[in-house]
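Enquirer: Pulled these features from Swiss-Prot for this protein:
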type    : residues                                             : note
BINDING : Gly8, Arg9, Ala10, Gly11, Ser12, Gly13, Lys14, Ser15 : ATP binding site
BINDING : Cys805, Cys1129, Cys1132, Cys1138                    : [4Fe-4S] cluster binding site
DOMAIN  : 1-390                                                : domain 'UvrD-like helicase ATP-binding'
DOMAIN  : 281-587                                              : domain 'UvrD-like helicase C-terminal'
Amino acid sequence: MSLRFVIGRAGSGKSTLCLREVQEELKQRPRGKTILYLVPEQMTFQTQQALIGSEDVRGSIRAQVFSFSRLAWKVLQEVGGASRLHIDEAGVHMLLRKIVESRKDGLSVFQKAAEQNGFFEHLGSMIAEFKRYNVTPSNVYEMWQQLDAHSSSAEQKLLANKVYDLQLLYDDFERALIGKYLDSEDYLQLLVEKLPQSEYVNGAEIYIDGFHSFSPQELEIVRQLMICGARVTITLTIDEKTLAQPVNELDLFYETTLTYEKIKQVAREEKIEIEKTIPLMEQPRFHSPALAHLEAHYEARPNEKFNGEASVTISTAANLRAEVEGVAREIRKLVADEKYRYRDIAVLLRNGESYYDVMRTLFTDYNIPHFIDEKRPMSHHPLVECIRSALEIISGNWRYDAVFRCVKTELLYPLDVRKETMREEMDEFENYCLAYGVQGKRWTSEDPWMYRRYRSLDDTNGMITDSEREMEEKINRLRDVVRTPVIRMQKRLKRAGTVMQMCEAVYLFLEELDVPKKLEELRIRAEESGDFLFATDHEQVWEEVMSLLDTFVEMLGEEKMSLSMFTDVMSTGLEALQFANIPPSLDQVLIANIDHSRLSDVKATFIIGVNEGVIPAAPMDEGMLSDEEREVLGAAGIELAPTTRQTLLEEQFVMYQMVTRASEKLYISCPLADEEGKTLLASSFIKKIKRMFPNVKDSFITNDVNDLSRSEQISYVATPEVTLSYVMQQLQTWKRYGFEGNLDFWWDVYNFYVTSDEWKQKSSRVLSSLFYRNRAKKLSTAVSRDLYGDIIKGSVSRMELFNRCAYAHFAQHGLSLRERDIFKLDAPDIGELFHAALKKIADKLLRENRTWADLSIKECEHLSVLVIEEIAPLLQRQILLSSNRHFYLKQKLQQIIFRTSIILREHAKSSGFVPVDLEVPFGMGGTGSLPPMEFSLPNGVKMEVVGRIDRVDKAEDENGTFLRIIDYKSSSKVLDLTEVYYGLALQMLTYLDVVTSNAQTWMKKGHAASPAGVLYFHIHNPIVEMKGDASEAEIEKEILKKFKMKGLVLGDADVVRLMDNKLSTGSSDIISAGLKKDGSFSARSSIASEQEFNVLQKYVHHTFENIGKDITEGVIDIAPYKMGNKAACTFCNFKSVCQFDESLEDNQFRSLKDMKDSEAMEKIREEVGGE
């Protein structure tokens, strides 16, 4: 029994010495005593390759490469102890979830924390840390007693409570494992116990290589190996000079020196012979003097400069993507020009979550074989999502999001259907569910679902059309596809008495869906597309899910569990599943995390993402215990993993290891912006390297090749996939600024694409975008007729939409595009309800020959309740009856109608105008409809403007009959004559024109009527602020003012007094007009003369004719208006269709000048030739 250390700085040949000794021993005595070669988990594969890579050693039974965990398996298989079931990380998380749920009421700190994402991962890590550092539940309990007895501050009490919770959960976890299960940490403890019984290890030659430190648990394994083995050789990265000095925590080799001392102490305790240490002083790894200098002087203060030609490259990149592309180009150059193999190259980084997706895409585009050494979660795989969402459907009462997450995994689809067709049908089905608000018991009810197109509150026709019947049949067929398998599982889960039966229900759910066959189809498809890594995912995920179910049954199979807890525990297990990373080939670039990688035999290393806060790492308080809490526990005798401070001290050694991996070339880079454009700073580490290599020039990596020299630009010509974007960039530049002769090689690249049989068609679409202009081509007369018909029949809103943006009009009325219906109450629905409610009250008054003025306050309240109760079942598929929230909203809407009724009552009392009719149709056909506004366009097409007028009021005096239009609005609105001039606000004046033009035939007395005005009535329930103790009358008066109707009224004092008979002088509380003492109108009055009303009506006719002409001539310009802070695009539903982009030359807003009403009126006069 002896111990030997092999020490040396990075690259001194420690591993090489050990491997050569083993290879020589195998060559001399191939059947001798066991040789164990122990390395960290991530080094096993490459060490095994290196061991048998010699020409003299092609294989070996005698020598084996192990990690500690694999050695535990080997020993336990030999001497026994492996019969207990192994539970992996997913099983641990599931067991902890069950323990926490059952203990929840007794927990002090973790009761609410258990619901946070990542809690069980942190808890599992904490328990694993306890075990690695030989801390038992009883140790934690004793610590709690000690803390509890001396807790005075809030921080101390929090720590005591936290330790108490940890002790409870740790103890429960250990009790659950005893005699039944083993987790990863238990194997190492068992290895310590079983090593003395192992014939395989007894007398073995043991090498321990690649470690920098050992946990207390691992140190116990090393102790037993020294006792059992013939000789233990341990390599450590230490400079021999360090051992001759006192241990200093600021020393580069502080961590490994501590490890050296700890192992020597163990050897002395066990009376193990300590052989003479072998110090290695040379630097055989480094073929580059610069890299040898970097290793030898890395920790020197001040920095030792290297003035020769350095094989170190430092780069900054415009952004993260540019950085990765720069790395990809350099890798291709190394392979093509310097005959590197891909396996000679490694990319090291720390913030992989920012880089991996980009690297996966770009390295594939550059045809660089690569392997990303990362643990990928299975949580996004369709199978995992299918199980999780199906359980959420059942436990969450069939909520929409859970149902369609399950549907979109496509595992519910029948095996024999065409997926493309099924996807389209499911999209329609989802639209139905969204429109009808389908959830809860509607899924489980046997009643068939109904399909009716929602038209309006007036549509009470119960007839179903053939197309509606066909759609209804399809919806019910798809409903059964979704619900049948889930309901079967739901029934089984509810019948289940034990966890085993619940797991069986999940398994049967998957079997009945033919999931194995569907996954096999996905695997074959992935292989056919050349995606072999993802092809293996589909095999792995089925095996892992089956293993998870087995583990669940083994651990908790006979227990009873509620459905909600089963769902939570299963979800926790599924979240912990990860794909095993198996390198698909030997010759590939390795992409690895700086902290976990153990590279060897690499010629070139790229260290990317070297930004401040990343390398070196910024301190982060993660996990269950803070740094301060760890220090308290450490002071009390419980040693745990290093604190942030200790980790920061070790960071220098991590970076030293990082820069000393390569033998020939080192590349260091950082981006100046992330993927979202956020600014990033270069790390101070780059400054350190620059000081060591003053001759190294900092290069800049960009994706814009225009500022680069010819030789630099040539390097951007890589694979056809990648180069095409740079050709486009050059062509765009030439198009804008002209041709530069010294870059004519880009024409050669362009010619490759347009002449290549393989790329001609692929590139033509991309290259055509060079001449892309986002313009909508004018429709031909024939197409326009097909879309709009020979007679254009449209509402005023449609005409206004055309003037806002002709393309939006085309999308809505030509292509009939619309957003999908959602089961929610929008402003138009509320507006429709208000209109219908007020009409019903007004109709009732007309039938009873009463007016609003005749109503009492109590009647107003009664009628508002009555009409809302009548309308609610008809509105938006009974949305107001669908939930408590909507029921509350119904009450609020009823209160608004009540308040509005009171105001209408007050208005009626003060007005000589009375309602003639409400919801007056024109151009709609049928009894009671006024004729449309008709136009014969120059091109022979007829156009009819149709609509429905909210309310028409009439007043009569000695001067004649006057009509006014009242339009109910759920938001405040004014009549802006500038908007009238631009054709954006035509509705009110059109309505006024229709009623005055048809007054003689429409009204019973049969004589003409004059325009009295157009007014907006804002339906709302305002809140008013009053100073002091205001009386109820004062409050009501203030509320009345909030309902002042805005618009445009006839500039006739008598007519205005008919609208507000309380007005003598001053401003009216009812309309936007006021009178001075001399009888003239105040400056703030919104008035127009009868002649001006006539001009406005002529202008409206003129505008409609222009709109009709443009529509029929196929005008569909993408030219939205913009006026001040108003723009057509603000609430437009078709932005994704027109793709309006101000950065394009062709896409600019139609800027409209805002004007005063007087200026707008003058321009309107000029247009129609009015006086």
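Glycine is treated like the rest: Cβ placed from N, Cα and C.
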Enquirer: What average pLDDT is reported by the model for the domain 'UvrD-like helicase C-terminal' (281-587)?
Expert: 90
Enquirer: Return one of helix, strand or coil for Gly8 (ATP binding site), based on DSSP.
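Expert: Going by the DSSP assignment, Gly8 (ATP binding site) falls within a strand, counted as strand.
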Enquirer: Name, in the order they occur in the sequence, the residues of the same chain whose CB lies under 8 A from the CB of Cys1132 ([4Fe-4S] cluster binding site) and which sit 6 or more residues away.
Expert: Cys805, Ala808, Pro1120
Enquirer: Indicate whether Lys14 (ATP binding site) is helix, strand or coil by DSSP.
Expert: helix
Enquirer: Counting other Cβ atoms within 10 Å, pick out the least crowded of the binding-site residues Gly8, Gly11, Gly13.
Expert: Gly13
Enquirer: If you count other Cβ atoms within 10 Å of each one's Cβ, which of the binding-site residues Ser12, Ser15 has the most?
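Expert: Buried the deepest by this measure is Ser12.
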Enquirer: Round to a whole number and give the Cα-to-Cα distance in Å for the pair Ser15 (ATP binding site) and Cys1129 ([4Fe-4S] cluster binding site).
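Expert: For Ser15 (ATP binding site) versus Cys1129 ([4Fe-4S] cluster binding site), the Cα atoms are 67 Å apart.
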Enquirer: Provide the number of Cβ atoms within 10 Å of the Cβ of Ala10 (ATP binding site), excluding the reference atom itself.
Expert: 21
Enquirer: When you average the Cβ positions of Cys805, Cys1129, Cys1132, Cys1138 for the [4Fe-4S] cluster site, which other residues in that chain have a Cβ within 8 Å of that mean position?
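Expert: Neighbours found: Arg804, Tyr807, Ala808, Ile1118, Pro1120, Ala1128, Phe1134, Lys1135, Phe1140.
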Enquirer: Measuring Cα to Cα, how many angstrom lie between Cys1138 ([4Fe-4S] cluster binding site) and Ala10 (ATP binding site)?
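Expert: Each residue's Cα considered, Cys1138 ([4Fe-4S] cluster binding site) and Ala10 (ATP binding site) end up 61 Å apart.
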Enquirer: For the binding-site residues Cys805, Cys1129, Cys1138, work out the Cβ neighbour count at 10 Å and name the residue with the minimum.
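Expert: With the binding-site residues Cys805, Cys1129, Cys1138, fewest surrounding Cβ atoms within 10 Å: Cys1129.
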Enquirer: Apart from Gly8, Arg9, Ala10, Gly11, Ser12, Gly13, Lys14, Ser15, which residues in this chain have a Cβ no more than 8 Å from the mean position of the Cβ atoms of those residues at the ATP site?
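Expert: Result: Thr16, Thr237, Leu280, Gln283, Pro284, Arg285.
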Enquirer: What count of other C-beta atoms do you get within 10 angstroms of the C-beta of Lys14 (ATP binding site), across all chains shown?
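Expert: The Cβ of Lys14 (ATP binding site) has 24 Cβ neighbours within 10 Å.
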Enquirer: Quick one: what's DSSP say for Cys1138 ([4Fe-4S] cluster binding site), helix, strand or coil?
Expert: helix
Enquirer: How many whole Å apart are the CA atoms of Arg9 (ATP binding site) and Cys1129 ([4Fe-4S] cluster binding site)?
Expert: 65
Enquirer: For the C-alpha pair, I'd like the distance in angstrom between Lys14 (ATP binding site) and Cys1129 ([4Fe-4S] cluster binding site), rounded off.
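Expert: Cα of Lys14 (ATP binding site) to Cα of Cys1129 ([4Fe-4S] cluster binding site) measures 68 Å after rounding.
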Enquirer: Taking the Cβ of Arg9 (ATP binding site) as the centre, count every other Cβ atom within 10 Å, in any protein chain shown.
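Expert: Arg9 (ATP binding site): 25 neighbouring Cβ atoms within 10 Å.
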Enquirer: Taking just the CA atoms, what is the gap between Gly13 (ATP binding site) and Cys1129 ([4Fe-4S] cluster binding site) in Å?
Expert: 68
